[in-house]
Amino acid sequence: MARVGPLIWFWSLTILPFTAILTFISTLIVCIQIPNNAPKDEKFPQISQLGTGQAYPYFVTGFVILSIQLLVILLGRIQYLFQTQYIIHRGIISVVHGIGLLSIVFLLLMAIVSIDDRPSIHLIGAYGLFGFISLYCFLHTVVVVYLFIHRSDVPQHTNIIWPIWFLFCSVLLITFFIVWLLTAKGIPEYLAAATPFLYFLGLAPQFWTQARTKKLDVVLFERLAF
């Protein structure tokens, strides 16, 4: 029974990148359907406007759940990198993921403080979220590319697909974010907000490999103990 808890943790990490993007999309869909203070003539209002009026509690609930999922994903990624490589100092790994964790603080600030009540604080949360999550994705991509370059020393990081995936998503995120800043349109904001979750989907295969390895270790241990 003592080994069941770790297995739950590792298999949860495999699922969470998918549940996170579903939580994000579901939150927006629910808030669009519930009366809010967004302009009625806008087909794609700003995300901040969706968290107003009667939709506010649903907006907060969805993003609080999302923040918990992101917290677990980032902690799981730190753990994975600590266990599968030794060429990048743990302090650097911690700083990079600390930036990702800081973005969660701004996510909660954006969600909890309505733009109708305190617009300046809400916007600090929104821009802080996009800024820090973009910086995290860029730095994490640098880490992944560096590990791939030194793949002979880190056999768990030899797949070229992941550096390409993370780089692609990072470029998309920064591009959509800049377009949103320049146009203030809803669609670029939706795309910029969704791209980090697309980015995190790239973590799922390595989480899955890790979970399978841990499961095999448990089976082997039980057979030896028997």
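Backbone N, Cα and C define each Cβ position, glycine as well.
Taken from TrEMBL, the feature domain 'CWH43-like N-terminal' covers 10-208. On the 0 to 100 pLDDT scale, the model's mean across the domain 'CWH43-like N-terminal' (10-208) is 92.
Residues or ranges marked as transmembrane segment by TrEMBL: 7-35 (among others).
Beyond the ends of the transmembrane segment (55-75), by six or more residues, the same chain brings 12-13, 16-17, 19-20, 23-24, 26-27, 30-31, 34-36, 97, 100-101, 104, 107-108, 110-112, 114, 200, 203 to within a C-beta distance below 8 angstroms of the stretch. Residues or ranges marked as transmembrane segment by TrEMBL: 55-75 (among others).
Positions annotated as transmembrane segment by TrEMBL: 87-112 (among others).
Taken from TrEMBL, the feature transmembrane segment covers 124-148 (among others).
What TrEMBL lists as transmembrane segment is 160-184 (among others).
The feature transmembrane segment is assigned by TrEMBL to 190-208 (among others). Within its own chain, the transmembrane segment (190-208) is flanked in space by residues 10, 13-14, 17-18, 20-21, 24-25, 28, 44, 47, 70, 73, 76-77, 80, 130, 133, 137, 156, 162, 165-166, 169-170, 172-173, 176-177, 179-180, which lie at least six positions past its ends and keep a Cβ under 8 Å from the stretch.
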**Request:** Give me the stretch from 7-35, 87-112, 160-184 with the greatest number of Cβ pairs under 8 Å to the transmembrane segment (124-148).
**Result:** 87-112
**Prompt:** Is the transmembrane segment (160-184) packed against any residues at least 6 beyond its ends, judged by a Cβ distance under 8 Å, and which are they?
**Reply:** 46, 130, 133-134, 137-138, 140-141, 144-145, 148, 191-192, 195-196, 198-199, 202, 205-206
